[in-house]
Each structure stands twice: as structure tokens, then as C-alpha cells.
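First the structure, in the form of C-alpha cells, and then the observations on it.
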Amino acid sequence: MGTSARWALWLLLALCWAPRDSGATASGKKAKCDSSQFQCTNGRCITLLWKCDGDEDCTDGSDEKNCVKKTCAESDFVCKNGQCVPNRWQCDGDPDCEDGSDESPEQCHMRTCRINEISCGARSTQCIPESWRCDGENDCDNGEDEENCGNITCSADEFTCSSGRCVSRNFVCNGQDDCDDGSDELDCAPPTCGAHEFQCRTSSCIPLSWVCDDDADCSDQSDESLEQCGRQPVIHTKCPTSEIQCGSGECIHKKWRCDGDPDCKDGSDEVNCPSRTCRPDQFECEDGSCIHGSRQCNGIRDCVDGSDEVNCKNVNQCLGPGKFKCRSGECIDITKVCDQEQDCRDWSDEPLKECHINECLVNNGGCSHICKDLVIGYECDCAAGFELIDRKTCGDIDECQNPGICSQICINLKGGYKCECSRGYQMDLATGVCKAVGKEPSLIFTNRRDIRKIGLERKEYIQLVEQLRNTVALDADIAAQKLFWADLSQKAIFSASIDDKVGRHFKMIDNVYNPAAIAVDWVYKTIYWTDAASKTISVATLDGTKRKFLFNSDLREPASIAVDPLSGFVYWSDWGEPAKIEKAGMNGFDRRPLVTEDIQWPNGITLDLVKSRLYWLDSKLHMLSSVDLNGQDRRIVLKSLEFLAHPLALTIFEDRVYWIDGENEAVYGANKFTGSELATLVNNLNDAQDIIIYHELVQPSGKNWCEEDMENGGCEYLCLPAPQINDHSPKYTCSCPNGYNLEENGRECQSTSTPVTYSETKDVNTTDILRTSGLVPGGINVTTAVSEVSVPPKGTSAAWAILPLLLLVMAAVGGYLMWRNWQHKNMKSMNFDNPVYLKTTEEDLSIDIGRHSASVGHTYPAISVVSTDDDLA
């Protein structure tokens, strides 16, 4: 053996015999507690926060030894027993001191209500926001806030219903019960239309120019009927080959045809279908749908009607405090244990050494809290707020892991928890709900030819914008008091002031071919929308002067969209095949899937920014679900064929979720955690499509980093927020119009050298090619389209910079190969001729976008992605 080989062998043996760090202590025993725990003298581990907290958590009391006397901070309230609690917890209706001194009448009666608050009476210690008085809800524990309120007086442009409710005068005698008691439709004269109007069979009036234009504007479609026009209306929609067209015009997936669930508005997908039968390995629900047989009686409602969990029997009959299970399998009554008679085949009910022995008398049975003596043996139990972690030791329960245990903020305490509210909200002590302080929140929703508003407290129901054509999408800039909506018939996005009594509205963005949804960025003052015809997601300034396609690939049926400018992310749903919900940076980077499983028709999505969750409606599964903003912690809120027959859009405020159902033509509300407390807010709608909450707390204020140091961030075209992935993420990036690339300075735009042909992502049956005109730097108008090809900047400086490093790496690799070849010649080897097959897969190109440190303004390096294949649906 050569000298080099012997040295290598000695080195190998030294490495093998070297002592390893296995976490052993000097005494050879493993440390039981980690860095976040305190080790008691008896070896037990407790959380470090429990040391010197005044409670003996170690059974030997070692956690309270050698403790420095604790003094409360200036921001704390000192309980009579010396305990410290935050000042804001004093007189909040919830005792936090162990002796209850923070809620003592002596302390709380001396309390003075703050500005914009009212007292609940001389005998009450409670203060509530002034805006909660006479809002229809008892917020004071004695109900004093709803006393002496008087009758609600409607304004001059409103009608007073028999119930006292106020509705818009435009709703009177319109053929719809808007009062919910029919009083707005009493004593109505036969409706007449003007000289330039057409009267539908339902008696409603539409402009004469809307008749026979192949777009049904009457709810009964009488303006496009064969009798009126002398021909059938021309349906312009052409469905992809993977979809079928309903009699009512819309497209649905082919696989939804004859599945027992009407998906078309007119139900034509379930006409002339063969009778359905379930396979032998399936269970047939009462509604006719089929589920796998293994899902029956599994404790989960898999059938929409819940019929799979009806008449289920518990196979384990040996449960409960009055039963004892023998080791031999029998189940006997607990009274037969230790009665000196054999009831179990194996005599396990009569163990000689265990009967009538109280193990709890010695060291509490080893239990850290409670020891319960049983007929045979014993069991440990814990005090409220704790749970067994090893059959003997009790640990704190983190109640904050339970969804909905607190309305907004949950603080886990030892043996309990504390609920708090976010800024701008105050807890209603009667319900535990964090209610908004300030103006009354309201729901605003589209009703095809108008936009309506209903107050959530006083239920005032009015018309905001009228004489519209076909409104399908809606959002608002609440701070600016502006509404934005998309009109399918006019292929445009409009805006209006919410307080405009004249009824003026303005066209902001044109050439929006089939808008599905819009989302307003209230911080950076842009608007995002999905287009179902061009299969794109676009962004534009609110005035419409600058716009571009943000995404134009891998979109099949883009639907709802929502933005969070505070974190720089945009979210959207796509009910194409496969259906999914995605998220990406609002600048078009860091695109990733959020929900891809158990999802079929995700129509509406909305963000709960307070709880950091995304909610969505699935019209096919008749389900309302939610996930956190990383796609984790998925929960089903509500599953209902009745209330979620064909849900279209939803919105969230406080502890309630509200949605529009197209089939029921109604607006519903429910608890956002449990799906309970279902309520109907509005009925008798006419093709309502979208809904939002209007309240200043829905759109929290944030900093517009594009206007922090220089106008528009120094960008020549669009300045868009970047996704805040970590502390080093840039705040914004510059973006160019379609057909232009960013220059190396990351701010200016230059035209691509090669002309680009643009066309929409389309099926082979589609004949029209959609194009749109966009304003580009220098005031040049170019015809742009859905696809975009980016050309990377040319240059060789980067290659010369890395050449020395490359040569060094090559030299090192060459030296290693020479050494291995020399070693191979000096070693005996054995060769096996068995072939080895490697599975290779073609991976998608992954591009890592470099980011610099925490500069406010920053741009991503240019990226080139060239696609030559059409994305056929």
C-alpha cells in the first residue's frame, strides 16, 4: 500500500472515530428541553414564558425559585394581587386579573368614555361608539343604546315602506318587491314607456335602440324575440372544443353535461339526458349524485344534501364512561368490573393487583394536574385550558388555532386566551364580534341595468347609478368616493362619483372585450381586470391613459380578481380546465398556484385582509371555502345546494360573508367562520353579477412608494407595486407597454426591434382576432394584442466578467479528474455489467429573478421568454 493510500485510510478512520455532537450533556444524558423551554429540577420541561410568572408549573416549584420581584410597566394595570395586565384590558368586560380587580365596579364606574363614545347608563360601566346608537342592534348590555330612537325618517327621494324601511323612489311600481312587504308595488298605474322607449312584456322600459341588437335587455328577452325582430338573435359566443354552449348563450365544460346538476342559466345542459345510475362501488345521494362508497358514514358530508351521513351507526359500541372493553374484545358494563365475577373471557375485568387500589394517593399518580382513580387503574386529567401531552403532563392549549374563536386578534395565554380587535374596530361585548367604528357599512351590487346600495344596519335600499346597459363587474376607490364598473355590452370600464346626484358617469377604459371582473388598487391608483375573450389579465391607470397585459398565457377562463396593494399581490380564479386559483406580484412577477385541488367552478374570490385569508365560491360544488394567503389551512365554510345554487360573487366585512346567487336572484349573508346565521338581504334581482362592501376600513391606507421620492417612481410608463416576499423585496418596479422592453436603467422603455404579431388565445373555432390600442412612451399609438414577446438586451460585458472565474473552476475540475484517474489505476475494482436506466423528464424553464437589498425603487432584470405555440383551449 502506498504512502498516500495509507494517509487516506488513516484520515477515514479518524473521521469515523471522531466524537459526534449528538446533543448529549457532559453527564452522557440527552438534554430533554429545547432552547424555548425551562427544565425543572425533576426533569420536566415547561415553556420558558412560565418561569417566574407567579404560578408553580413544575411540580417541585423550581420554576418560581430565585425570581426577581416583578414590577409592572407604565402601560400596565396593577391588579390587587400584584399581577400585571395591559391598561387597555381594564374595564373591557372581561376579567383578566386572577382576582378580577381590573373589572371592579369601583374602578370602572370612575371611567370616563372617550370622545365619540357614549355611556350605556349610570348603572353600567360600558362605553360604546356613538355610531352604534340606534343602529338596530343591542350593543349595551342593558339595551339602552336602542331606546328612544324614534321612527326612521326617509329622505325626499326615498319611499317609506309599510315596515318603515326606506327604498329609492325609483323602485316604486317597477314590478319588483323591493320593500319585501309589497308596499312599493301597491296602487300602481299601468306602466307606460316614453316615445323613444320599448316596453318589455314585464312592463319595464328600455331604450328603443337596444331592441333587436342581439343582446337581450328585457329580463324576459322580449326585445330580441322572433315576433319582435322577425329572426332569432345571433349568438356571437363560440365555445372552445372542450366546452358546450347553453341555450342561454354561455359556455360550460363538456363534462358537466348530464351530470345531474344544472349549470346553464336555462338548465339546458340537463335536458334530454339518459337516466343516471351509480356504479356498484358508489353511493347514490338523495339528489341523484354519486360519491365513492367509502365516503358513506365517514363523518363528513360528501353529498351536498348530507344523505351519506344519515342513519349511520357507530361501529364501536364500547364508548362512554359506563363501558369497559375487555382485552379479549367483549364490551361490558363498568359496574361488572372488580365484582369478583368473571365477565371477560380472559378475566381482564378482575385483575387481582389493580382492583380497589387508589393510585392517586401516591404522588398524585404522577399526574401534573388532576388524578382520577378508576375501578382498574387511574387516569390523568387537566384543568380548563390545558391538555395532556404525554398521558401525565399537562400543557397549555393554544386556543388561537381554532378558527373563529376570536373575531379578529387572538392572544394565547396560559390556560386561556384573549380576544382583541384591529384598529378601527371595537368589540361588541354582547356578541364578541369586532364591529367597525364610524359610518354605516353598506353593500353595493350590480343589477345589470343599475347599481344599488343597501345599508347593513338601517337597511336603507337605494339606487346609485341607473340607465346602464349590462353591468357585470364592480369595485370602488373608497377614499376617493368613486365607483368603477365594467359593461359587457359597451366593452368598456366606467366610473362615477358615489355622491353624484346628477347621474353622470365617464368612460375610463375602452376595448375591454369580455370583462369578467375588476379590482381597484386604492394605493397606487391602478385598476386590474380579467378578460374572458382575450384570456388575459390587464392593468391600467385609473384614468386609462396607460395600460398593458399583465398575463396572457396559461389562462383558460379567467374570472374573479382581487388585489392587496399593501403586500403587492394580485389573486384571480380560472374555471378553465384545470380550474385553479392563482396569485402573483402586482407587477407580473412571482406567479404561483394557490388552489388546484377539489375545485371546479371558482366564480368569485375576495380577500379578508384582517385575517389574511382568501374566500371563494365554487358554483359547481355549491361550496364556500377559504385558505390562508399561502394556499394552506383550507376550510369549508358552507356547502348548500339551496343557498349556493349558482353563486357568482362575494365580499367580506367584520364576521360576515355576503354573496350573490344568480339562480335565486338574491343576496345572502352568513358567518364567515361557520357558515351559520344565514340571512337573505335582497330578493328579486335581475341578473346581478358583482358585489362589494363600501366602508373605509375595507381599504386600509398604505404608502404609495411610486410617489415617495420621485413622480411615478421615475418610470417612463407604469409604476407597479412589487410583491413583498421578504424584507429585501423592492417596493415597486417599472413596466412598459406591450411590444416594449425596459432599458438597462430599469425605468425607460424601448421598442422591440422585431415587429410582433398579436392574437388572442383562441380555439380553432374562433374567427375573430382581438386587438387593442395602447398609449406608449412618446405618445405613439400602437396596435397591441394579447401575446407579448420580450427581447433581452444584448451585451458581452457580463460574459467577460465571469471568464476568469470560469477558467478557475475548469482548472479545479481538471485537477480533480487527474487525481481520480491516478487513484483508479492504483485500486483493485470489480465490474458489474448490469445496465442502469435513468428516467429523464423535461423540466420547465425556471428563471430566478435577482433582487437587490432594501432600496425603495428597484427593477427586475429583463427576462426573455419566447413562445411559438398557440395555447389551444
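Placed from the backbone N, Cα and C atoms, the Cβ positions cover glycine too.
The domain 'LDL-receptor class A 1' annotation in Swiss-Prot covers 31-69 and rests on sequence analysis. Broken down with DSSP, the domain 'LDL-receptor class A 1' (31-69) shows 6 helix, 6 strand, 27 coil.
In the predicted model, the domain 'LDL-receptor class A 2' (70-110) has a mean pLDDT of 81. Residues or ranges marked as domain 'LDL-receptor class A 2' in Swiss-Prot: 70-110.
What Swiss-Prot records for 111-151 is domain 'LDL-receptor class A 3'. Residues 91, 93, 103, 105, 164, 426, 428-430, 435, 437-440, 457-459 of the same chain lie 6 or more positions beyond the ends of the domain 'LDL-receptor class A 3' (111-151) yet place their CB under 8 Å from a CB of it.
As annotated by Swiss-Prot, domain 'LDL-receptor class A 4' applies to 152-190.
The domain 'LDL-receptor class A 5' annotation in Swiss-Prot covers 191-231. Outside the domain 'LDL-receptor class A 5' (191-231) by six or more residues, the chain places 173-175, 449, 469-470, 489, 686-687 with a CB less than 8 A from a CB of the stretch.
Taken from Swiss-Prot, the feature domain 'LDL-receptor class A 6' covers 237-275, and the record attributes it to sequence analysis.
Taken from Swiss-Prot, the feature domain 'LDL-receptor class A 7' covers 276-314, and the record attributes it to sequence analysis.
For 316-355, the entry in Swiss-Prot reads domain 'LDL-receptor class A 8'.
The DSSP breakdown of the domain 'EGF-like 1' (356-395), given as helix, strand and coil counts, is 7 helix, 14 strand, 19 coil. Under the heading domain 'EGF-like 1', Swiss-Prot lists 356-395.
If you look up Swiss-Prot, you'll see 396-435 marked as domain 'EGF-like 2', on the strength of sequence analysis. Through the fold, the domain 'EGF-like 2' (396-435) approaches residues 47, 49-50, 53, 55, 89, 92-94, 96, 126, 128-129, 132, 137-139, 141, 383-387, 610-611, 635, 654-655, 671-674, 696-697 of its own chain, all at least 6 residues removed from its boundaries and within a Cβ separation under 8 Å.
For the domain 'EGF-like 3' (702-750), DSSP puts the residue distribution at 7 helix, 13 strand, 29 coil. The domain 'EGF-like 3' annotation in Swiss-Prot covers 702-750.
According to Swiss-Prot, the feature repeat 'LDL-receptor class B 2' maps to 481-524. Sequence-remote contacts of a segment are chain residues at least 6 beyond its ends whose Cβ falls under 8 Å from one of its Cβ atoms, and for the repeat 'LDL-receptor class B 2' (481-524) they are 215, 444, 446, 451, 464-475, 530-534, 538, 540, 542-544, 547, 558-563, 565-566, 570, 572, 586, 649, 690, 694, 699, 701-704, 706, 719-721, 732, 770, 772-773.
The feature repeat 'LDL-receptor class B 4' is assigned by Swiss-Prot to 568-611. Residue counts for the repeat 'LDL-receptor class B 4' (568-611) under DSSP, split into helix (H, G, I), strand (E, B) and coil, are 0 helix, 23 strand, 21 coil.
Residues annotated as repeat 'LDL-receptor class B 5' in Swiss-Prot: 612-654. Same-chain residues lying 6+ beyond the ends of the repeat 'LDL-receptor class B 5' (612-654) with a Cβ under 8 Å from its Cβ atoms: 256, 261, 263, 265, 287, 301, 304-305, 403, 407, 425, 433-436, 441, 443, 445, 456, 517, 560, 562, 564, 567, 569, 571, 573, 581, 583, 593-595, 598-606, 660-664, 668, 670, 672-675, 678, 688-693, 695, 698.
Long-range contacts of the repeat 'LDL-receptor class B 6' (655-697) within the same chain: residues 176-178, 180, 219, 265, 403-404, 407, 424-425, 433-434, 436, 438-439, 441-449, 452-454, 461, 471-476, 478-479, 485, 498, 517, 604, 606, 608, 615, 617, 624, 626, 637-640, 643-649, each at least 6 residues beyond the stretch ends and with a Cβ under 8 Å from a Cβ of the stretch. What Swiss-Prot records for 655-697 is repeat 'LDL-receptor class B 6'.
Annotated topological domain 'Extracellular' per Swiss-Prot: 28-797, in sequence order.
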* Other than its close neighbours in sequence, what residues sit by the domain 'LDL-receptor class A 4' (152-190), given a CB gap under 8 Å and a spacing of at least six beyond its ends? -> 202-204, 452, 458-463, 466, 683-684, 686
